[in-house]
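Only one structure is covered here, and it is reproduced in the block below.
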């Protein structure tokens, strides 16, 4: 079984790329594209789950591409850590694509291909055992992302999209420079051959630090986090959810992997990591305070949460890594759920600004449920997965003697809760502003006409759309009694847009109640990072 | 030494251009930066050994093929990304700071609108 699967490892990257390319040849059949895209992503999810099952006991599956001997070929390696991250990224790809189909964004000719190529690139980046190949797969991830960002952006201002390309390209260039330096010092870029190299040779440590610095830009770690909040807000909510789960988290995965393998968890540099991660936690949560829209608040919280996740690598104890890996998996799901639930509101009501929304508590019970669950989980309240993640992380900091980091983590989670309450008070409580109905109608007119947000719309068309919605609504509610005091005019979030966020919220509840299961897996994955012998033996065979 | 100086010069010029306003200058900056990195990759394999490993060449003096493969890949990727960035520059409408401040947005026109539909 393991042999067959190891032969198929490169297909995790190859198959989505192939299907993505084929789908580009079907510009008219958007149903076919959606179905094929969804089937491929589900197949990838199934494959990832299979990998988790096979590696759950600590086995490392490796495949040498073209069957060259280990050390010469490009290896594909799946250990439990990679398999777990791959599973959750596949879940996010499936759910985000489901949202894109529901919001009709997937009808645009290239979207299904972009999502598949992105998923293929992510799988490649997670499974590759070669630093240069990692660079290539990161570029494979980025190219479709530029497309998604641009095609699904409704903003006339391209500033955010350009910033995204520039920052990511600069980081990739720097990373490639680091890879070149490592090759110059060690004569190899095979991760398994580089095991422990940075401890033996300070020059390798410097070269690998260039790589880590470049990847830290992509992970949006303080002080290089500024681009995130300006770029993730310019595109469609589904794309933000997809990126939040895939891009920054793959970068975090790479940081964990490089530090565990190349630096062998060297304790000398951990203090720097802990200072940076604590600052990231604090700066992110304070940055969220002045933000005017739901999405920009959530993006700043992402920065803060990235700090939490990297505390795991900053401690580099068994307990710390376990907590960090659990946190990473939990965070990907919860954050995407929040982006999708607030995104459904944003797309239905035509605005994501706190001051232009209100009263969702009575209008949108499903979205409210999804938001409350995910928001409380993000803040770290039981019985959701966020509680387990934060509790184990704080226990790990105390266990490692880093009490200050633990205190920072607790204080920051209080501020996180405060931010979630701010969104709750502004968007879910209170009343929907009078002009909201008009704004929603305007958003729909723009969407049908394909106009950008800074282009003028005809007032008459908006009036007609508002009238049409009212009439449709009155016929639908003709038989119902009129004794309830709330304002029920205007459109609601359709069930199909609410479902993706609800599914992810359900996962965080399950992970919270059945945390023992995932904690066990995270512990095994952490053990694989602390003792990398199995990884090295599986790749170069000695 | 000349290689190191060239890499440093390209890197410095590239960073200077990337920090400028306007997409075109940033693109030119990245072209220089990727050249610098490509030279760095070539240098990482050692440039003293230059013989071909066939046609009777001395294999102990043969050039290291792996960095050359790296550079080939990197050139292709850099080329495709330059094209993507050029697209970003071309479809920019009212928000590119390439023009002098004396021009108002109305002077610039709205080309490229059909590209985005």
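Yeah, the Cβs are placed from backbone N, Cα and C, and that goes for glycine too.
The feature domain 'NADH:quinone oxidoreductase/Mrp antiporter transmembrane' is assigned by TrEMBL to A:129-414.
According to TrEMBL, the region 'Disordered' annotation covers A:471-490.
Look at TrEMBL and you will find A:6-26 (among others) tagged as transmembrane segment.
The transmembrane segment annotation in TrEMBL covers A:76-99 (among others).
The annotation transmembrane segment is assigned in TrEMBL to A:111-128 (among others).
Long-range neighbours of the transmembrane segment (A:134-152) within the same chain, counting only residues 6 or more positions beyond its ends whose Cβ lies under 8 Å from a Cβ of the stretch, are 13, 17, 20, 100, 105, 108, 110-111, 113-115, 117-118, 120-122, 124-125, 128, 158, 160-161, 164-165, 168-169, 172, 175-176, 179, 218, 231, 234-236, 238-239, 242-243, 246-247, 250, 254. The transmembrane segment annotation in TrEMBL covers A:134-152 (among others).
Sequence annotations record features per position, and here TrEMBL assigns transmembrane segment to A:164-185 (among others).
Counting same-chain residues at least six beyond the ends of the transmembrane segment (A:205-224), those with a Cβ under 8 angstroms from any Cβ of the stretch are 131, 138, 167-168, 170-172, 174-175, 177-179, 181-182, 184-185, 194, 197-199, 247-248, 250-252, 254-255, 258-259, 262-263, 266, 276-277, 279-280, 283-284, 302-303, 306-307, 310. Annotation source TrEMBL lists transmembrane segment at A:205-224 (among others).
Sequence annotations record features per position, and here TrEMBL assigns transmembrane segment to A:231-255 (among others). Tertiary proximity for the transmembrane segment (A:231-255) is limited to same-chain residues at least six positions away from its ends with a CB under 8 Å from its CB atoms, namely 81-82, 85, 88-89, 92-93, 95-97, 99-100, 103, 105, 115, 118-119, 122, 125-126, 134, 138, 141, 145, 148-149, 152-155, 157, 159-161, 163-164, 167, 212, 215-216, 218-220, 293, 295-296, 299, 302, 306, 309-310, 313, 328, 331-333, 335-336, 339-340, 342-344, 346-347.
What TrEMBL lists as transmembrane segment is A:267-286 (among others).
Per TrEMBL, the feature transmembrane segment maps to A:298-319 (among others).
Look at TrEMBL and you will find A:325-345 (among others) tagged as transmembrane segment. Same-chain residues lying 6+ beyond the ends of the transmembrane segment (A:325-345) with a Cβ under 8 Å from its Cβ atoms: 81, 84-85, 88-89, 91-92, 95-96, 99, 236-238, 240-242, 244-245, 249, 252-253, 256, 294-295, 298, 301-302, 305, 308-309, 312, 352, 357, 360, 364, 367, 370-371, 373-375, 377-378, 384-386, 388-390, 392-393, 423, 427, 493, 497-498, 500-501, 504-505, 507-508, 511, 515, 518-519, 522, 525-526.
Here the transmembrane segment (A:366-384) has Cβ contacts under 8 Å with residues 301, 305, 330-331, 334-335, 337-338, 340-342, 344-345, 360, 390-391, 413, 416-417, 420, 423-424, 428, 493, 495, 498, 501-502, 504-505, 508-509, 511-513 of the same chain, all six or more residues outside its ends. Taken from TrEMBL, the feature transmembrane segment applies to A:366-384 (among others).
Under the heading transmembrane segment, TrEMBL lists A:404-428 (among others).
Counting only same-chain residues 6+ beyond the ends of the transmembrane segment (A:267-286), those with a CB under 8 A from a CB of the stretch are 221-223, 225, 300-308, 310-311, 313-316, 402, 404-405, 408-409, 412, 415-416, 419.
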